[in-house]
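K.L.:
The structure that follows is given in the form of structure tokens.
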């Protein structure tokens, strides 16, 4: 049964792939959690809402443009945000970067006072923007993002450097220019220099802490 008295604050963090979104989200989560406890703050990665592709062959899956809004199941994400705001728990999807589809597993996420939502395409969807109490765009130069992405995808996601570069040239950069960068206009706060901008993190942390006063 929904808890109508439950108030859930949604903080959106968007920006290019490997811009430092996840670092900012994890830093805010860790430092705010120390003060308010794990039961009051959580993180939802937009990546968890890539569409299920289990009906496709592996050859077809790798051809998907993962930087286009159509690759995301934003309708399910919207439903889950609305459920959390209504005081209902959700089953967060688990996506496999190796298999390029959702797994059969889910993660149970109980309602929290604050949910940090992070992903590249969050601000491109007006429905998601409507659910956010405030939003952040992490503004990092593309050449830095590319270097970070290559290191991450090769070391953590089993990719080759050639495949990472090919994907960057074919879809990542064009989709950033077409969809992600223009969505910066919808952000309440623009954070330069990525996840190591300590001053910006302290300001954001103070803003989030206001919701617990």
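Here the Cβ of each residue, glycine as well, is placed from N, Cα and C on the backbone.
Remember, it's a predicted structure, so these values are computed and weren't measured experimentally.
According to Swiss-Prot, the protein carries these features:
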BINDING   15, 16, 17, 18, 19, 20, 21, 22  ATP binding site
K.L.:
Out of 17, 19, 22, which of the binding-site residues is least crowded by other Cβ atoms within 10 Å?
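P.N.:
Across 17, 19, 22, these binding-site residues, the one with fewest Cβ atoms within 10 Å is 22.
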K.L.:
Just name the winner among 16, 18 (the binding-site residues) by count of other CB atoms within 10 A of its CB.
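P.N.:
The residue with the most neighbouring Cβ atoms within 10 Å is 16.
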K.L.:
Which residues of the same chain, at least 6 positions away in sequence, have a Cβ lying under 8 Å from the Cβ of residue 20 (ATP binding site)?
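P.N.:
Residue 20 (ATP binding site) has long-range Cβ partners 138, 140, 148, 193, 194, 195, 196, 197.
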K.L.:
List the other residues in this chain whose Cβ sits within 8 Å of the Cβ centroid of the ATP site residues 15, 16, 17, 18, 19, 20, 21, 22, in sequence order.
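P.N.:
Other same-chain residues with Cβ inside the cutoff are 120, 138, 140, 145, 148, 194.
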K.L.:
I want to check the contact list for residue 21 (ATP binding site): same chain, sequence separation of six or more, C-beta distance under 8 angstroms. What comes out?
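P.N.:
In sequence order, 13, 14, 15, 118, 119, 120, 138, 195 meet the Cβ cut-off.
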K.L.:
Including all protein chains displayed, how many Cβ atoms other than that of residue 15 (ATP binding site) lie within 10 Å of its Cβ?
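P.N.:
The answer is 31.
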K.L.:
Which state, by DSSP, holds residue 22 (ATP binding site): helix, strand or coil?
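P.N.:
In the DSSP reduction, residue 22 (ATP binding site) maps to helix.
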